[in-house]
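K.L.:
Have a look at this one before I ask anything.
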Amino acid sequence: MVKAISSNLGYPRLGEKREWKRALEKFWNGTISEKELLAETKILRLHALKKQQDKGIDLIPVGDFSFYDQVLDTSVTFGIIPKRFQHDGGKVSLNTYFDIARGKNDAVASEMTKWFNTNYHYIVPELADAEPKVLDNRALYYYEEAKKELGIEGKPVLVGPITYLKLGKGSDAKSFEVLLDKFIPAYVEILKELEAAGAKWVQIDEPYLATSFDKKEIALFEKVYQAFQTAVPNLKIELQTYFESLDYYEEVVNLPVAAIGIDFVHDHGDSIKALKAHGFPEDKYLAAGVVDGRNVWRSDLDAKLELLTEIANYVADGKLIVQPSNSLLHVPVTKLSEPDLDEVILGGLSFADQKLEEITILTKALTNGAESVAAELEESRAAVTALNESSHRNNLEVQEAIANLKNVRVDRELPFAERIKLQHAWLKLPLFPTTTIGSFPQSPEVRKTRADWLKGNITDAEYNAFIEKETARWIKIQEDLDIDVLVHGEFERTDMVEYFGQKLAGFQATKFGWVQSYGSRAVRPPLIYGDVAFTEEITVKESVYAQSLTKRPVKGMLTAPVTIINWSFVRDDVPESVVANQVGLALRKEVEALERNGIKVIQVDEPALREGLPLKQARWQKYLDDAVYSFKLTTASVQNDTQIHTHMCYSDFDDIIDTISALDADVISIETSRSHGEIISTFEEVTYDKEIGLGVYDIHSPRVPTVTEIQDNIRRALRAIDAKQFWINPDCGLKTRKEPETIAALQDMIKATKEVRAEYQVLEK
């Protein structure tokens with residue numbers, strides 16, 4: 001037996017029923033005061049801590065809570081505030097904090113992008129002229145709160161300095177170390193205050209260590225953590241990595257810290273190999289992330305216990321920590337909120353609270369022997385077996401179709417240069433055609449009507465009539481705005497992935513399986529629990545109805561396989577590429593149904609393509625090849641004059657531009673406005689032969705852009721892209737915006753387009 005310690009790395013902020021989201025939005029809407037917001041969120045925070053305490057977690061994280069984002073928290077802790085927000089140098093107010101994230105009338109929001117290869121977004125630090133100083137030791141506040149209110153000796157959590165700076169913008173390789181030298185004493189101040197307050201442990205997250213980087217950068221980590229160790233020798237620092245294995249295992253485990261946190265789930269088996277090959281320092285704790293913190297499936301506890309027993313052979317007794325692979329921020333709170341799920345599926349699930357229980361079971365099994373938790377192990381064993389052996393995961397028709405993929409055509413009949421002429425011939429669009437990305441605002445009335453329908457308070461006929469009325473209203477709005485290619489608005493959809501999950505076999509929606517995407521925006525990823533199959537038309541009815549209302553083309557709107565995969569909780573018993581191809585075959589039937597019913601412009605969105613890239617570049621090519629294959633599997637069977645669109649967002653594209661072209665979509669739209677033109681520079685350096693729309697304004701902020709701002713974005717793009725290839729559109733879908741600001745922004749977009757179009761037509765003459 002091995003003496004082990006249980007630990008957690010972070011807990012979901014949302015609350016079991018999204019109470020955190022509602023509190024934030026009430027504050028933003030002015031219906032509660034700041035004092036009330038602080039009171040409501042404190043209740044949620046303490047409830048989360050108490051649950052972890054009650055479930056037997058020894059090292060409970062504190063300071064993982066945030067009002068928006070942990071990276072933004074780090075920025076305001078150290079006073080890294082963009083000048084446009086006119087910060088006075090004191091402690092950052094909550095209003096300024098939210099302005100940085102959301103923007104305000106006279107200041108655009110800071111850029112937002114994906115947290116490594118997850119669907120969580122962070123606010124990008126703006127590091128130009130950064131002079132860090134501690135304005136607010138949030139970690140100390142949360143540590144003292146947990147101690148005072150609950151008697152919890154918590155483990156404060158910080159985003160590590162190197163990861164923080166690597167995630168920022170405004171510094172280059174030359175200035176990086178100079179900037180790092182400025183941050184070290186600021187971090188030391190935080191750590192000294194924690195040590196003085198009695199903190200025993202602090203968790204410093206450095207997921208950058210799990211990426212691919214130059215080995216010379218290890219010296220930066222040695223410098224930082226030696227400074228910390230010297231400054232706070234009595235504070236146990238857990239240097240936490242996650243999302244991948246360590247390229248420089250030997251160097252990392254010998255850094256001057258008390259504990260090293262390693263992901264043993266998303267490491268492709270590399271970590272245990274490194275441990276066997278190189279051992280582990282006797283004086284350090286190994287925090288083994290063995291419970292999957294990014295997916296919702298129940299752990300095979302027998303396999304996890306076997307792995308932990310193997311790990312324990314290389315770790316000094318009493319120095320093995322059992323924990324999730326990463327923060328539980330990325331999974332829903334509890335499966336106890338899902339009593340209506342199929343019994344076999346429910347049995348196979350493990351949300352945040354259940355993962356804490358798995359950690360406790362494994363810790364007890366190591367410390368007291370497996371027989372001490374024999375009943376718990378048997379229950380888990382039976383549940384995992386029942387799901388794997390169920391008919392859900394053994395659909396012979398689907399498995400036969402996958403086996404015969406070599407017989408399925410995955411290329412369009414004509415090359416782009418030839419088929420685009422056929423598309424232009426019937427579309428007859430002007431220079432710089434305008435469109436939107438898909439969704440329009442889901443007003444309180446839309447959400448209430450859907451909720452009433454789901455509760456059975458209104459009939460299917462009443463609900464469908466409402467959706468048609470709202471669709472017709474927005475078709476008229478788009479025509480009045482003079483948009484060229486229309487959309488139906490997606491009023492029937494809660495989410496661009498969940499909606500498809502409700503219509504395809506092998507998917508299961510949840511009621512309260514919410515996770516944070518950005519700010520108060522929560523998504524409810526469907527569960528892909530079994531083999532995926534087409535069972536009914538998904539989008540045809542709404543698309544055909546919308547097209548019947550107008551002579552302008554209306555886009556059919558689908559979500560592509562890789563985005564569905566990346567924004568779902570995917571079964572973990574088969575490779576993701578197999579699931580993506582199952583989804584591709586199912587969606588191919590939907591694309592064909594749209595085309596059969598007269599929809600000749602079909603958008604197949606792949607916004608999450610880049611975010612799913614493996615952190616190790618050596619693994620990129622297979623992922624990208626698989627992504628291209630599943631996309632073409634979805635789209636390749638259409639006629640040559642049917643125009644395929646796709647959309648991507650939150651992405652750096654310079655390193656995957658060949659993949660984007662290989663998708664062979666006729667038109668791609670890309671989010672660009674929040675990156676302030678950086679993506680445009682990619683197209684200044686490469687030749688892209690298909691049509692493209694670079695988003696001309698940021699939809700994530702309530703701020704309405706000016707005509708001049710939009711024109712500046714258009715003109716900048718036209719320096720890189722041929723005018724005849726260029727489309728004009730917002731960055732992303734408009735579902736989360738309010739109607740007045742949406743219409744105002746689109747009016748500005750159309751006005752800006754017409755003025756620039758007129759300029760170009762004069763030049764052509």
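Note that Cβ sites are derived from N, Cα and C of the backbone, with glycine treated the same way.
Annotations per Swiss-Prot:
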type	residues	note
BINDING	Arg18, Glu19, Trp20, Lys21, Lys114, Trp567, Glu611	5-methyltetrahydropteroyltri-L-glutamate binding site
BINDING	Ile437, Gly438, Ser439, Glu490, Asp605	L-homocysteine binding site
BINDING	Ile437, Gly438, Ser439, Glu490, Asp605	L-methionine binding site
BINDING	His647, Cys649, Glu671, Cys732	Zn(2+) binding site
ACT_SITE	His700	active site, proton donor
K.L.:
What's the CA-CA gap between Trp20 (5-methyltetrahydropteroyltri-L-glutamate binding site) and His700 (active site, proton donor) in angstrom, rounded?
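P.N.:
Pair distance, Cα basis, whole Å: 19 Å.
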K.L.:
Between C-alpha atoms, which of these binding-site residues comes nearest to Ser439 (L-homocysteine binding site): Arg18, Lys114, Cys649, Glu671, Cys732?
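P.N.:
Minimum Cα distance from Ser439 (L-homocysteine binding site) across Arg18, Lys114, Cys649, Glu671, Cys732 lands on Cys732.
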K.L.:
Out of the binding-site residues listed (Arg18, Glu19, His647, Cys732), which are within 10 Å of Ile437 (L-homocysteine binding site), Cα to Cα?
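P.N.:
His647, Cys732, listed in sequence order.
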K.L.:
Other residues with Cβ within 8 Å of the Cβ centroid of Ile437, Gly438, Ser439, Glu490, Asp605 at the L-methionine site?
P.N.:
Thr436, Val487, Met496, Met557, Gln603, His647, Cys732, Gly733, Lys735
K.L.:
Between the two most separated Cα atoms in Ile437, Gly438, Ser439, Glu490, Asp605, the residues recorded as binding L-homocysteine, what distance in Å do you get?
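P.N.:
Per the listed residues, the maximum Cα distance equals 13 Å.
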K.L.:
In terms of Cα spacing, which of the recorded positions Lys21, Gly438, His700 are within 10 angstroms of Cys732 (Zn(2+) binding site)?
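P.N.:
Those near Cys732 (Zn(2+) binding site) - Cα within 10 Å - are Gly438, His700, in sequence order.
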K.L.:
C-alpha of Lys21 (5-methyltetrahydropteroyltri-L-glutamate binding site) to C-alpha of His700 (active site, proton donor): distance in Å?
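P.N.:
Just about 16 Å between their Cα atoms.
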K.L.:
Compared by Cα position, which of the recorded positions Gly438, Cys649, Glu671, His700 is the closest one to Glu611 (5-methyltetrahydropteroyltri-L-glutamate binding site)?
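P.N.:
With Cα distances computed to Glu611 (5-methyltetrahydropteroyltri-L-glutamate binding site), the winner among Gly438, Cys649, Glu671, His700 is Cys649.
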K.L.:
Out of the recorded positions Glu490, Asp605, Cys649, His700, give me the one sitting nearest to Glu19 (5-methyltetrahydropteroyltri-L-glutamate binding site) by CA distance.
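P.N.:
Going through Glu490, Asp605, Cys649, His700 one by one, the Cα closest to that of Glu19 (5-methyltetrahydropteroyltri-L-glutamate binding site) is His700.
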K.L.:
Lys114 (5-methyltetrahydropteroyltri-L-glutamate binding site) to Gly438 (L-homocysteine binding site): how many Å between their Cα atoms?
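P.N.:
The separation of the Cα atoms works out to 21 Å.
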K.L.:
Just how spread out is the 5-methyltetrahydropteroyltri-L-glutamate site if you go by the largest Cα to Cα distance in Å among Arg18, Glu19, Trp20, Lys21, Lys114, Trp567, Glu611?
P.N.:
28
